[in-house]
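Trainee: Take a look at what TrEMBL says about it:
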type	residues	note
BINDING	ASP24, SER53	Mg(2+) binding site
BINDING	TYR173, LEU174, GLU175, ALA176, GLY177, SER178, GLY179, GLY204, GLY205, GLY226, THR227	sn-glycerol 1-phosphate binding site
Amino acid sequence: MTTIYQNFLNSRIANKKLLAILLDPDKIDWNTIVTLIDKIKESPATHIFIGGSQVENNCITELILKIKENSVLPILLFPGNPSQISSEADGILFLSLLSGRNPDYLIEHQVNAVPILKQTNLEIISTGYLLIESGTKTAVERVSNTKPLDRDNSNYVLQTAQAGEMLGNKLIYLEAGSGAKQAVPLEMIQLVAQNIKIPLLVGGGITDLQGIQNAYQAGADLVVIGTAFENNSDFFNQNT
Ligand code: 1GP
């Protein structure tokens, strides 16, 4: 069976762009969940990510099971901490917040997650996670208590991404933060994409279809859309 990560690599070689819809379990309206899943099925999404900086409702497993009843898309956990791990998902972005200097988000949560992960068959995909300054304080910045990287210093962002690659991460994720005012700068995406060999994920603050295309053209292998789809489940049906 092709693993999720192998599919990322194959897509990169074939220049097939990927799209993840991010669902925050706290923001799910359970009355319309089946319609929401239908909208995801009609959309160009290739993956579903589940998680958030902080999730209060303990309904991640329930949400995954509901999605699985209605969709075959791979489901990846995108957790803010180990309490968001569910063995019902297909895999997990095992994130290390490389942009910050908070040991909890660099290694402590990961260590604490191990006994939980050992009880699951989740595909574990180590991901260097870089928060980029986006004009406003986002939840990731608040919850992790770290500073994002300067959006005007692409060279340092690249250096951080390359350190992540050298450490053995399988993916790099450039994150502006959910609901960010400004998405990751395109020239930054381009610089990083051209200088790492592992797949590049980009998300945060992308609010229209052109923004997705721009990120792809700059070199993103996968774009993550959360808020725009949350606010409008017809987001992918609009004309650019
Ligand atoms: C957040 O990158 C994701 O972690 C998605 O961000 O909600 O702004 O689309 P948005």
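Note: Cβ is positioned from N, Cα and C throughout, glycine not excepted.
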Trainee: Can you name the binding-site residues among TYR173, GLY177, THR227 whose CA is within 10 A of the CA of ASP24 (Mg(2+) binding site)?
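Mentor: So far as Cα distances go, the binding-site residues lying within 10 Å of ASP24 (Mg(2+) binding site) are THR227.
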Trainee: Checking the spread of the sn-glycerol 1-phosphate site as listed (TYR173, LEU174, GLU175, ALA176, GLY177, SER178, GLY179, GLY204, GLY205, GLY226, THR227): what is the longest Cα-Cα distance, in whole Å?
Mentor: 17
Trainee: Which one of the binding-site residues (GLY177, GLY179, GLY205) has its C-beta surrounded by the most other C-beta atoms within 10 angstroms?
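Mentor: It comes out as GLY177.
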Trainee: Using a 6 Å cut-off on Cβ distance, which of the binding-site residues SER53, TYR173, GLU175, GLY179, GLY205, THR227 come close to any atom of ligand 1?
Mentor: GLU175, GLY179, GLY205, THR227
Trainee: Through the lens of DSSP with three states only, how would you label THR227 (sn-glycerol 1-phosphate binding site)?
Mentor: helix
Trainee: Round to a whole number and give the Cα-to-Cα distance in Å for the pair THR227 (sn-glycerol 1-phosphate binding site) and SER53 (Mg(2+) binding site).
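Mentor: That comes out at 14 Å between the alpha carbons.
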Trainee: List the same-chain residues at least 6 positions away in sequence whose Cβ sits under 8 Å from the Cβ of TYR173 (sn-glycerol 1-phosphate binding site), in sequence order, or say none.
Mentor: LEU93, LEU95, THR127, GLY128, TYR129, LEU130, LEU200, LEU201, VAL202, GLY203, VAL224
Trainee: I'd like the Cβ neighbour count for THR227 (sn-glycerol 1-phosphate binding site), meaning other Cβ atoms within 10 Å of its Cβ, all protein chains included.
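Mentor: So the number of other Cβ atoms within 10 Å of THR227 (sn-glycerol 1-phosphate binding site) is 19.
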